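Enquirer: As annotated by Swiss-Prot, active site, charge relay system applies to His41, with the evidence given as sequence analysis. Swiss-Prot lists Cys26-Cys42 with the feature disulfide bond, giving sequence analysis as the kind of evidence. Look at Swiss-Prot and you will find 1-44 tagged as domain 'Peptidase S1', backed by sequence analysis.
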Amino acid sequence: VVGGDECNINEHRFLVALYANSSLLCGGTLINQEWVLIAAHCDR
C-alpha cells in the first residue's frame, strides 16, 4: 500500500484475515453473513 493510512479496527468490518498456526495465509472480504470472498491462490 502506497500512501495508506492506519485505521481503527472497527472502521472496515468487511475485511477478513485468514490464519493457520499463527501465520497469515490470505485476506478476504465478507460478501454476506455466511460467505467470505478470497482469491483462488488462497485455497492452496
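Each residue, glycine too, has its Cβ placed from N, Cα and C.
Neighbours and distances for these, please.
Expert: Cβ neighbour count for His41 (active site, charge relay system) (all protein chains, 10 Å cutoff from its Cβ): 7.
There are 16 other Cβ atoms within 10 Å of the Cβ belonging to Cys26 (disulfide bond).
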Enquirer: Rounded to a whole angstrom, what is the C-alpha distance between His41 (active site, charge relay system) and Cys26 (disulfide bond)?
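Expert: Distance between the two Cα atoms comes out at 9 Å.
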Enquirer: Go ahead and report the DSSP secondary structure tallies for the domain 'Peptidase S1' (1-44): helix first, then strand, then coil.
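Expert: Here the numbers are 4 helix, 16 strand, 24 coil.
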Enquirer: Would you mind checking how many other C-beta atoms are within 10 angstroms of the C-beta on Cys42 (disulfide bond)?
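Expert: Result for Cys42 (disulfide bond): 13 other Cβ atoms within 10 Å.
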